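Visitor: Quick one: this structure, given as structure tokens, is what I'll be asking you about.
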Amino acid sequence: MEDNEQPSHDSAATAAAALEQKHAAMLERLANRHQSRATAKPDSNSSGSTQSFLSQFSQSKLSIDDQISRIRTQPNPPQKAELEAISLGISALEKLVAEHSYLLPPYEVRNSLTAITHLRQTLDDASAAVAPKKKFSFKNKSSKKSAAPASDQKSEVVSEVESNKTNPRLGKLGLMDSSAAPGFRNKDKEELEMEFNRGEVDARNGEFTLSNLRDCEVRLKGCLRALFVDNVVKCKVYVGAVMGSVLIEGAEGCVFVLASHQIRIHNAKKCSFYLRVRSRPIIEDSNGVRFAPYCLSYRGIEEDLAEANLDEETGNWANVDDFRWLRALQSPNWSLLPEHDRVGMLNTDKKNEK
Amino acid sequence: MGLLSIIRKIKRKEKEMRILMVGLDNSGKTTIVMKINGEDTSVISPTLGFNIKTMAYQKYTLNIWDVGGQRTIRSYWRNYFEQTDGLVWVVDSSDLRRLDDCKYELDNLLKEERLSGASLLIFANKQDIQGSLSPDEIAKVLYLDAMDKSRHWKIVGCSAFTGEGLLEGFDWMVQDIASRIYMLD
Ligand SMILES: Nc1nc2c(ncn2[C@@H]2O[C@H](COP(=O)(O)OP(=O)(O)OP(=O)(O)O)[C@@H](O)[C@H]2O)c(=O)[nH]1
Ligand SMILES: [Mg+2]
């Protein structure tokens with residue numbers, strides 16, 4: 001945490017990237033440390049420690065918040081020592097997270113780190129506001145554009161953690177017949193193609209469903225708003241641009257090539273995902289899932305991707321979060337698809353592409 | 001312990017309202033909060049834990065807790081029940097297949113003693129998507145009419161994509177909470 005100090009003139013973007021790297025490096029170090037511990041703690045223990053961590057964390061954070069707001073409102077400009085003391089407090093908090101992160105759920109780790117980034121920013125802002133000519137510069141300077149995704153900003157940890165419980169599912173309500181919505185359903189060994197056409201505004205405002213498919217090849221071209229996939233087995237699914245989210249519940253032995261803003265993968269087994277995605281893909285209750293970058297082409301795909309704001313590669317295909325994996329260590333449920341195992345560029349214009 | 005009583009004290013002083021946003025994953029909670037707060041909604045990841053947004057709304061300060069809805073973390077929702085003034089339940093009106101899940105989770109939530117005094121706003125979100133159910137249809141599927149008579153609730157169709165309906169919903173909720181809490185002070 002103490003290496004790679006930022007020169008203060010760095011642009012926000014560089015600083016954010018560096019901060020992210022630093023966090024990643026820290027997590028890696030911690031993960032390694034964890035690996036080197038001979039005995040792993042059983043899960044049942046970790047929830048107790050998580051609880052005590054969270055209460056300790058939130059108390060310290062509250063007191064730092066308090067100190068910062070005090071220097072903001074006090075009439076005299078803050079003393080260097082005052083600022084330093086607060087900065088030290090933040091460092092201590094960071095250390096606390098570091099010490100616990102090998103047994104904390106990854107989202108608590110990330111939330112805590114984001115909260116710390118935010119504290120530093122607030123302190124920076126507060127000291128800049130009261131003393132415009134900055135004589136004092138902090139270590140680990142963060143920037144306005146925090147490394148964490150926007151939705152995680154201003155996070156705070158004030159919670160207690162209880163053990164996970166899966167909810168027993170209720171039977172179908174039977175009130176609504178969902179099979180009326182547009183989609184491909186209950187097919188076996190078929191080639192299915194659908195074009196959401198450019199120009200037809202209605203089509204691209206719609207959602208589409210793939211349900212109960214087996215041994216099928218599905219090609220969706222154009223832009224659509226949302227894609228729901230459930231219970232597909234041994235299928236190949238090639239999709240153009242999804243302007244919203246993809247939700248997959250139940251897939252086995254499939255290959256998905258998808259571009260979308262968000263993707264949530266539940267209950268997938270032994271599947272490959274070639275993704276372009278604007279946010280972090282998540283998996284839950286899945287295993288043997290592998291990830292690679294998007295590799296689809298057909299006539300007009302560039303326009304579709306641009307239209308859906310998906311023309312840029314964000315690299316997020318590799319930033320997978322596993323909700324079932326409670327440690328900072330790499331999840332055993334997913335991996336990156338090694339380059340030599342990836343399919344090449346897939347063109348869905350010609351039929352029977354292999 | 002100490003923390004909660006501090007929050008409560010400050011809340012009464014500064015007209016703060018604590019709003020809890022829950023609903024299945026992918027329903028659009030985070031997008032709604034960002035949109036209402038005037039932030040960029042183009043890159044939002046599924047929520048791993050929770051986010052807190054503090055924003056001024058009319059003459060009140062809203063503390064909005066946006067909690068992730070993935071199945072694995074739904075059991076954590078209860079950590080956020082305490083002191084909740086307003087409960088926002090967000091429904092993806094285009095996700096017909098998971099409406100039973102949605103009803104099940106909502107029913108569970110409404111049994112919760114600690115939430116019994118909270119105003120309930122149901123957002124039938126994603127109205128912009130063709131083929132999504134109307135607020136009336138959602139109300140029927142969720143059996144909202146069968147709810148406890150003492151509960152203050154309202155369902156509003158909305159789209160976090162276009163922003164339509166969001167202010168109508170929040171206006172109702174803030175007014176409802178204000179009339180319960182601050183009139184009595
Ligand atoms: N078309 C359309 N898409 C929406 C709307 N609201 C949200 N979305 C999309 O739905 C997806 C899920 O939105 P989120 O805000 O991440 O959902 P969430 O409820 O916070 O999900 P979790 O954090 O997993 O609980 C995103 O791709 C949004 O762009 C809407 O009103 N219309
Ligand atoms: Mg969210």
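Placed from the backbone N, Cα and C atoms, the Cβ positions cover glycine too.
Here's the feature list from TrEMBL:
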type: BINDING; residues: B:Gly23, B:Leu24, B:Asp25, B:Asn26, B:Ser27, B:Gly28, B:Lys29, B:Thr30, B:Gly69, B:Asn125, B:Lys126, B:Gln127, B:Asp128; note: GTP binding site
type: BINDING; residues: B:Thr30, B:Thr47; note: Mg(2+) binding site
Visitor: Between B:Thr30 (Mg(2+) binding site) and B:Gly69 (GTP binding site), find the distance joining the two CA atoms and give it rounded to the nearest Å.
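Guide: It is 10 Å, counting Cα to Cα.
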Visitor: Below 8 Å between Cβ atoms and chain A: which of B:Gly23, B:Asp25, B:Gly69 make it? I'm asking about the binding-site residues.
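Guide: Cβ contacts with A, in sequence order: B:Asp25.
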Visitor: Those binding-site residues, B:Gly23, B:Ser27, B:Thr30, B:Gly69: which ones have a Cβ sitting under 6 Å from ligand 2?
Guide: B:Thr30
Visitor: For the binding-site residues B:Asp25, B:Asp128, which one has its C-beta crowded by the most other C-beta atoms within 10 angstroms?
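Guide: By the 10 Å Cβ neighbour count, B:Asp25 comes out on top.
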Visitor: Between B:Lys126 (GTP binding site) and B:Thr47 (Mg(2+) binding site), what is the CA-CA distance rounded to a whole number of Å?
Guide: 18
Visitor: Rounded to the nearest Å, what's the C-alpha distance separating B:Ser27 (GTP binding site) and B:Thr47 (Mg(2+) binding site)? Just drop the number here, would you?
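Guide: Each residue's Cα considered, B:Ser27 (GTP binding site) and B:Thr47 (Mg(2+) binding site) end up 11 Å apart.
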Visitor: Taking DSSP as the reference, which of helix, strand or coil describes B:Thr30 (Mg(2+) binding site)?
Guide: helix
Visitor: Looking only at Cβ atoms, how many others are within 10 Å of the one on B:Gly69 (GTP binding site)?
Guide: 24
